[in-house]
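What TrEMBL says about this one:
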type	residues	note
TRANSMEM	84-103	transmembrane segment
TRANSMEM	155-178	transmembrane segment
TRANSMEM	199-228	transmembrane segment
TRANSMEM	234-261	transmembrane segment
TRANSMEM	282-302	transmembrane segment
TRANSMEM	339-359	transmembrane segment
TRANSMEM	390-406	transmembrane segment
TRANSMEM	413-431	transmembrane segment
TRANSMEM	443-468	transmembrane segment
Amino acid sequence: MESVKRARGRLSMYPKLLAECSPNATEYARCVALKENVMKGDCAAEFESFKRCITQAAKKMKTKFCIIMGLGSRSGSRSGTTELILIHTVIGFLVRVGLVAYGEHHDRHNVLKYTDVDYHVFTDAAREVADGGSPFLRHTYRYTPFLAWMMLPNIYIHFVFGKLLFSILDCLASRLIYEILMLEGQSKATALKCCFLWLYNPLVMAVSTRGSAEAVMAVLILLTLYMMKHRLSLLAGFLLGTAVHFKLYPIIYCLPLYLSLSNTPPQDYFWRSFLPNYSKMRLCFGAVVSFFGLTSIGLAMYGEQYLEEAFLYHFSRTDTRHNFSVYFYLLYIGADFKIPGLNVATFGPQLILVLVFGCKYSHRSDLHFALFTQTVVFVTFNKVVTSQYFMWYLLLLPLLVPRLVVSWQKAIVLTLLWFGAQGSWLLPAYLLEFHAINAFVPIWLEGIAFFCCNVGILMALISSYSTFSFTHHHSRKVR
C-alpha cells in the first residue's frame with residue numbers, strides 16, 4: 001500500500017500538472033461549451049491533446065496522475081462490465097418470471113390473491129377492445145386506451161403476458177439507471193450497484209409481477225432523463241408528453257426540466273432562467289405535440305368518455321377507502337357533508353412544496369434531486385396514497401445515491417424506519433379489510449406516523465445531499 005508521505009507528495013504535484021496543461025484544458029473546455037448537444041466522441045482531438053499533455057508532464061515530474069472519468073479505461077474492462085450487466089439483467093428477469101409463476105399458483109389456491117386488481121381491469125379492458133368495443137366499457141378502467149391495446153396479448157396469447165412485459169420493462173429501467181449514471185461520470189462499479197437497487201428491489205419486483213403498469217412509467221421517465229443528459233430536448237419533450245398522457249403526475253417535472261435547460265448563472269436564477277431559449281422551446285414543443293397528439297387519437301377513437309374517465313375523474317377523485325394518506329380519515333368522516341376549504345387545505349401545501357423543490361434544485365447537475373424531492377412531497381401530501389405510488393420516487397433514488405454523503409448505519413436506519421412505518425400501518429388495515437374490525441382510528445394514527453416518517457427521511461436526505469458529484473474511479477468515497 002502506498003505510504004501517506006508518498007501520497008501527499010504525489011497530490012502536491014497535481015496543481016503543477018494542471019497548470020502545465022492549462023492551454024490544452026482550455027481548448028477542450030471551449031470545444032465542449034460551444035456545442036449544443038455534446039455526444040460521445042465529440043471534441044476527441046482536444047481531449048486526447050489534454051490527456052497526452054498530462055501524461056507527459058507527469059512523466060517529467062516523475063509522478064503519476066489519475067484522470068477522473070476513466071480516460072485510460074481498457075476495452076476488456078468495458079466488455080467485462082457489459083457481460084456482468086447482461087448476466088444480472090437475466091437473473092433479475094428470471095426471478096420475476098419465478099414470481100409470476102408463483103402468483104399463478106397462489107391465486108388458484110388462496111382467497112387473498114397475488115395478482116393486482118388493476119391487472120384484471122387491464123385485461124378486461126383489452127377484452128372489450130378485442131371485441132371491437134371501448135376499453136372504458138370496463139367499469140373502473142381509468143387509464144389511457146393505449147394501455148388496453150398493449151394488453152391485447154393477454155387475450156390472444158396468455159393471461160400472464162402483461163406481467164412478463166412489465167418485468168422486461170423493469171429490467172430495462174435498471175439498465176437505463178446504469179447508463180444515466182455513466183453519463184454523469186460515475187464509475188462502473190458505482191453505476192452497477194445503483195442499478196441493482198432497482199433491479200433487485202423486492203418491492204419493485206412484487207409490484208411488476210403482480211401486474212401493475214408502473215414499469216411503463218419508469219421507462220418513460222428514465223428515457224426522458226437519458227435524453228436530457230444527451231441534451232436532446234426535443235426527444236425528451238416527446239417522452240415527457242407521452243409519460244403525462246399515460247399518467248398525469250409527471251406533469252410536475254415540467255418546471256425543473258424546463259429550468260434545467262437555462263444557460264444563466266445561479267445568481268440570475270429567479271428571473272432569467274424562466275426566459276425561453278432554443279432548447280427550452282424544443283422541450284415544450286415535443287411535450288405538447290406528443291401529449292395532445294396521443295390525447296387527440298384517444299378522443300377520436302372513444303369520444304368524451306375517454307376524457308371523463310382518463311383525465312377529469314382524477315381531478316375530482318376522493319377515495320374514502322383506507323390508504324396511506326394523512327388525509328384519509330378526514331375525507332372519510334367528511335364524505336357525507338361538505339367541509340369548507342378542504343380542497344385548498346389539502347392541495348395547497350402539496351402545490352407549494354412541489355413548486356419550491358422544482359425551482360430550488362432545477363440546476364442541470366441537480367435535476368434528479370429536484371424530481372425526487374418533488375415526487376416525495378407530491379406523494380406524501382396527496383389525498384390518496386397507495387403502495388404503488390412509492391414506486392414513483394423509488395425509481396429516482398438510485399440516481400441520487402452517489403450524491404448522498406451518508407453512513408451505512410444511517411442508511412440502514414432510514415430504510416428500516418420506512419419499511420417499519422409501512423408495516424405498522426398494514427396491521428390495522430388488514431384487520432379492517434379481512435376481519436371487519438373497526439380500525440379506522442388506528443389506521444389514521446398510523447397514517448400520521450407514516451407521514452411524519454416520510455417527512456423526516458426527506459429532511460435527512462436533503463441534509464445529506466451534496467451538489468458535488470463523486471466520480472472517483474480509483475479511490476473510495478469519503479463519508
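Any Cβ shown, glycine's included, is placed from N, Cα and C.
As a quick check, the transmembrane segment (443-468) and the transmembrane segment (234-261) miss the bar of 3 or more Cβ pairs under 8 A, pairs 6 or more apart, so the two do not touch. For the transmembrane segment (282-302), the residues of the chain that approach it from at least six positions outside its boundaries are 134-136, 144-146, 233-242, 244-245, 254, 257-258, 261, 276, 310, judged by C-beta separation under 8 angstroms.
In summary, the transmembrane segment (84-103) lies against the transmembrane segment (199-228): three or more C-beta pairs, each 6 or more positions apart in sequence, are under 8 Å. For the transmembrane segment (199-228), the partner stretch with the most Cβ pairs below 8 Å, chosen from 155-178, 339-359, 413-431, is 155-178. Scored by C-beta pairs under 8 angstroms, the transmembrane segment (390-406) has its highest count with 155-178, from the stretches 155-178, 339-359, 413-431.
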